[in-house]
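J.: Found this in TrEMBL, in case it helps:
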- 30-75: domain 'Gcp-like' (DOMAIN)
- 111-368: domain 'Gcp-like' (DOMAIN)
- His155, His159, Asp362: Fe cation binding site (BINDING)
- Leu189, Ile190, Ser191, Gly192, Gly193, Asp222, Gly235, Asn332: substrate binding site (BINDING)
Amino acid sequence: MKILGIETSCDETAVSIVEAQGDFNTPVFTVLGNALYSQVKLHAEFGGVYPNLAKREHARNLVPLLEKTLTEAEVYFIGGKEFSEAQKTTLEELFSHEPELLKQFLVQIPKLATPDIDAIAVTHGPGLEPALWVGINFANALGLIWGKPVIPINHMEGHIFSAMLQEKSEARNPKLEIGATQFPILALLISGGHTELVLMKNWFEYELIGETLDDAVGEAFDKVGRMLSLPYPGGPEISKLAEKSRMSGEKPAYPLPRPMLKSDTCDFSFAGLKTAVLYTLKKIPELSENKKEHIAHEFENAVTEVLVVKTKKALEKTSARTLVLGGGVSANIHIRRSFKKLVEREFPGVALLIPEEKLTTDNAVMIAVAGYFRALQGIPAGAELRARGELRLA
Ligand code: KG4
Ligand code: ZN
């Protein structure tokens, strides 16, 4: 089965084609095409993601990215049909808020022969609603023209599947496998918009174990990055500074709190930590590069310690057999290292799954893969698709 994946929930526009084989137990995926346009540089000027700017960029880039993916997957064939008047009217309605996308769609898509794909999977939440709508409208339009079912995907479920994919070859079209899955799976999902511990008891059966009461981890990284005058997104920049300080062997000079470390719940809070950084900075008259490194180091240590301790608590509470890390922040090397250590030392029976680095941040491969699992379960017939900014797993 071939799935076209579409992702537009935040600031990455991504389209992929993934070929999938096998059942729930040992599925194998081949990435046939994968095109991604990151808007990060654009948003960096404003120090954060602007929903309307994100929406505009998605609308501009979806058609070219689709063409790129189809070409890479060798399913780009000229030979389509002119749209009928009825189709044109429906498309005008669908893209009433995306005139630029409509224009490109009307020119480019009729040229294409219907590609050899079986379904279209698209992120319908959580995320920025204006951005989500662009992907959804695009998926619906393609589904209509090509006569393919459209499968709505929860972005966070995509991040979980991202971690489960293990690369098996470095060939031109890498093969990704999911090994025998040991339930229950505990997923620590850490991204720009989310921080949560979710238990997957079986396929698509979720229970919320803990979540942030205020800021998401990625958000805290980005805000502290801004306080240290680092470019957006702050996460990777802070990580670089922290590693430098760690390598020097110096002990971080400015202590920061570990919020909610001792509380009984598996919930998190990062707003206080961020404010503590602000107060610390106020007391430093001249912020040298070395002092920035010390703050980044201590901040990263504080975040990691809280994540590790809460996850440990959740592992004990749930007796999970697999631990999955997912979301953009799981690219952080100190966090990756610390979790490897935790599992090796204290939970040797637990399988730790961390996404390949290129699959940590938002991408459409994970959406296509999630689409395959949803398709195995049975594609929901004609369910109305709408953007759900606050969509939850549980
Ligand atoms: O999952 P993602 O790509 O988008 C959302 O769904 O939010 O996550 C983006 C977040 C940003 O906050 C970014 O700063 C953070 O992931 N991030 C990192 C690292 N790489 C990305 N945070 C810490 N260390 C990193 N190496
Ligand atoms: Zn994400």
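The first residue you see is number 1, and the count goes up from there.
Cβ coordinates come from backbone N, Cα and C, glycine included.
Just so you know, TrEMBL annotations are computer predictions that nobody has curated.
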J.: Among Gly193, Gly235, all listed as binding-site residues, which has the most CB atoms within 10 Å of its CB?
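T.: Neighbour-count leader: Gly235.
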J.: On the three-state reduction of DSSP, what should I expect for Asp362 (Fe cation binding site)?
T.: coil
J.: Within the set Leu189, Ile190, Gly193, Asp222, which binding-site residues show a CB-to-ligand 2 distance under 6 A?
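T.: Result: none.
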J.: Please find, for Leu189, Ile190, Ser191, Gly192, Gly193, Asp222, Gly235, Asn332 as listed binding substrate, the greatest distance between any two Cα atoms, in Å.
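T.: The span, Cα to Cα at its widest, is 17 Å.
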J.: Which whole-number value in Å describes the distance between the Cα atoms of Asp222 (substrate binding site) and Asp362 (Fe cation binding site)?
T.: 16
J.: By CA-CA distance, flag whichever of Leu189, Ile190, Ser191, Gly235, Asn332 among the binding-site residues is nearest to Asp362 (Fe cation binding site).
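T.: Comparing Cα positions, the closest of these binding-site residues turns out to be Ser191.
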J.: Do you know offhand how many angstrom separate Gly193 (substrate binding site) and His159 (Fe cation binding site) by C-alpha?
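T.: Here the two Cα atoms lie 13 Å apart.
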J.: Tell me the Cβ neighbour count for Ile190 (substrate binding site), meaning other Cβ atoms within 10 Å of its Cβ, over all protein chains shown.
T.: 29
J.: Anything within 10 Å of His159 (Fe cation binding site)? Look among the binding-site residues Leu189, Gly192, Gly235, Asn332, comparing CA atoms, and list what you find.
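T.: So far as Cα distances go, the binding-site residues lying within 10 Å of His159 (Fe cation binding site) are Leu189.
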J.: I'd like the Cβ neighbour count for His155 (Fe cation binding site), meaning other Cβ atoms within 10 Å of its Cβ, all protein chains included.
T.: 27
J.: Give the sequence-ordered list of residues that share a chain with Gly192 (substrate binding site), lie 6 or more positions from it, and have CB atoms under 8 Å from its CB.
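T.: Residues satisfying the criterion: Cys10, Val49, Ala216, Gly218, Glu219, Asp222, Pro233, Gly328, Val329.
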J.: Could you tell me the mean pLDDT over the domain 'Gcp-like' (30-75), as a whole number?
T.: 94
J.: Would you mind checking how many other C-beta atoms are within 10 angstroms of the C-beta on Ser191 (substrate binding site)?
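T.: Cβ-Cβ neighbours of Ser191 (substrate binding site) within 10 Å number 25.
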